[in-house]
Amino acid sequence: MIFSTFEHILTHISFSVISIVITIQLITLLINETVGLYVSSEKGMIATFFCITGLLVTRWIYLRHLPLSDLYESLLFLSWAFSIIHLFTYFKKYKNHLSVSAITAPSTIFTQGFATSGFLTEMHQSPLLVPALQSHWLMMHVSMMVLGYAALLCGSLFSVALIVITFQKAIRIFCKNNNLLNALFSFNEIQYINEGNYFVRNTSFFSSKNYYKSQLIQQLDHWSYRIISLGFIFLSIGILSGAVWANETWGSYWNWDPKETWAFITWTIFAIYLHTRTNKNFEGVNSAIVASMGFLIIWICYFGVNLLGIGLHSYGSFTLTSN
């Protein structure tokens with residue numbers, strides 16, 4: 001009872017804090033002079049990370065197994081993984097962290113929000129593990145898969161953002177004075193040239209906009225590649241450990257179960273992405289298109305197959321059936 005109450009409190013605290021963080025970040029995206037609010041939002045994300053960590057540890061203690069046995073617990077773990085990626089980019093002092101946090105922070109809150117919504121209420125009290133899940137491979141296989149999903153989803157969203165920014169016609173900036181623009185574009189000042197009775201704006205302003213856009217695209221491409229590479233490693237380890245576990249449980253390394261099939265498709269898509277990165281002609285938008293396709297494939301693999309209620313890995317209608 002105590003653990004259940006503590007879990008309930010942590011769930012609501014984490015969701016409330018991260019909701020405030022999202023509101024603050026929307027304000028900072030529109031009004032860039034609110035430095036204090038930006039710092040507060042990062043402190044809020046740190047607090048959210050510890051709340052979700054406490055929530056997972058609490059379930060681990062009173063359930064006596066790693067909380068990865070059903071959809072609710074895996075969503076909590078996915079939200080926790082998103083928050084790790086967010087904090088990693090923050091502590092790395094990434095100069096365009098605000099743009100990255102516009103992806104990682106909402107990913108955390110939407111995942112956390114769905115996990116704690118009424119749809120999964122019956123899963124909050126996890127039943128005893130079925131025999132197939134009572135294995136030390138549960139921690140290895142599922143944790144690697146979910147970490148892989150989190151990294152690949154974030155990397156794919158960076159690629160989607162890259163495509164949107166590349167093809168948008170103009171960057172609109174909301175500010176109160178030119179000093180903000182100067183700081184944002186890393187230029188000392190916007191110069192004006194007086195020619196007779198006319199004031200001609202120096203083209204450095206327009207160049208600075210293009211420079212900022214180019215730098216942002218390069219950074220998104222850089223982080224997308226790094227995070228997807230990390231996620232691909234996690235996914236590969238998860239698939240291999242799952243094959244070993246399946247052989248111990250069912251006597252076969254691979255059964256072409258729907259979940260296994262879509263995991264293989266996901267792995268193939270991102271293998272193609274990483275292969276395209278070896279050719280400089282395919283960097284940027286071309287590789288980002290492949291990663292964007294992977295975003296949809298991941299959700300089908302992770303979530304869609306479970307809702308169909310078929311296969312060995314399915315959670316059915318939010319009810320655990322087997323591994």
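Including glycine, each Cβ sits where the backbone N, Cα and C put it.
Feature list (source: Swiss-Prot):
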| type | residues | note |
| --- | --- | --- |
| TRANSMEM | 9-29 | transmembrane segment |
| TRANSMEM | 37-57 | transmembrane segment |
| TRANSMEM | 71-91 | transmembrane segment |
| TRANSMEM | 100-120 | transmembrane segment |
| TRANSMEM | 145-165 | transmembrane segment |
| TRANSMEM | 227-247 | transmembrane segment |
| TRANSMEM | 261-275 | transmembrane segment |
| TRANSMEM | 288-308 | transmembrane segment |
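The stretch in closest packing with the transmembrane segment (145-165), judged by the count of Cβ pairs under 8 Å and taken from 9-29, 71-91, 261-275, 288-308, is 288-308. Relative to the transmembrane segment (9-29), the listed stretch 100-120 leads the set 71-91, 100-120, 261-275, 288-308 in CB pairs under 8 A.
Residues 11-12, 14-15, 18-19, 21-22, 25, 29, 41-42, 45, 48, 52, 71-72, 75-76, 78-79, 82-83, 85-86, 89-90, 94, 153-154, 157-158, 161, 223, 318 of the same chain lie 6+ residues outside the transmembrane segment (100-120) yet bring a C-beta within less than 8 angstroms of a C-beta in it. Sequence-remote contacts of a segment are chain residues at least 6 beyond its ends whose Cβ falls under 8 Å from one of its Cβ atoms, and for the transmembrane segment (261-275) they are 145, 152, 228-229, 231-232, 235-236, 239, 242, 287, 290-291, 293-294, 297-298, 300-301, 304-305.
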